[in-house]
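Down below is the structure, laid out as structure tokens.
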Amino acid sequence: MKTLLTLGLLLLSVTAQAKVYERCEFARTLKRNGMAGYYGVSLADWVCLAQHESNYNTRATNYNRGDQSTDYGIFQINSRYWCNDGKTPRAVNACGINCSALLQDDITAAIQCAKRVVRDPQGIRAWVAWRAHCQNRDLSQYIRNCGV
């Protein structure tokens with residue numbers, strides 16, 4: 001009985017963990033989902049962005065005290081403008097989704113919302129991490145040896 005309980009707890013802890021993508025796995029997933037060159041944003045830009053926003057972690061969150069918003073998921077999409085978490089004052093929800101959808105191992109919803117973000121006039125510049133770590137840099141290392 002004790003072994004069964006231990007096994008059950010182990011399985012529960014495994015299912016509660018985030019998926020952390022490997023760099024090339026993430027690049028290939030983005031390519032399969034039409035992100036290569038989407039609105040002029042290269043795969044290397046997306047991979048660099050996710051590296052610096054979430055370290056490729058699907059369940060990453062970051063609370064922003066200033067405006068009481070939270071950044072969600074592998075792309076750290078903000079609840080002030082893009083998703084609804086039921087907690088952020090004056091949220092816009094431009095992606096029309098619940099923020100919890102951005103924390104799934106299946107990143108389809110996160111990709112769709114990221115596409116919506118780059119269609120906005122700011123484009124990829126909406127992400128502070130992209131401006132700080134990726135803009136005007138050689139990003140070839142982010143997709144090197146990935147076969148994309």
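Counting begins at 1 with the first residue displayed.
Using the three backbone atoms N, Cα and C, a Cβ is placed for every residue, glycine included.
Taken from Swiss-Prot, the feature signal peptide covers 1-18, and the record attributes it to experimental evidence. The domain 'C-type lysozyme' annotation in Swiss-Prot covers 19-148. The feature disulfide bond is assigned by Swiss-Prot to C24-C146, C48-C134, C83-C99, C95-C113. Look at Swiss-Prot and you will find E53, D71 tagged as active site.
Here the features listed in Swiss-Prot are placed on the structure.
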residue : record         : Cβ neighbours (10 Å)
C24     : disulfide bond : 16
C48     : disulfide bond : 22
E53     : active site    : 22
D71     : active site    : 24
C83     : disulfide bond : 29
C95     : disulfide bond : 22
C99     : disulfide bond : 26
C113    : disulfide bond : 23
C134    : disulfide bond : 21
C146    : disulfide bond : 17
Report, in whole Å, the straight Cα-to-Cα distance of C146 (disulfide bond) from C48 (disulfide bond).
14
Recorded positions C24, E53, C83, C134: which have a Cα within 10 Å of C113 (disulfide bond)?
C83
Just to confirm my parser: what is the rounded mean pLDDT across the domain 'C-type lysozyme' (19-148)?
98
Expressed to the nearest Å, what is the distance separating E53 (active site) and C134 (disulfide bond) at their Cα atoms?
11
Helix, strand or coil: which one is C95 (disulfide bond) in, per DSSP?
coil
For D71 (active site), the three-state class that DSSP assigns:
strand
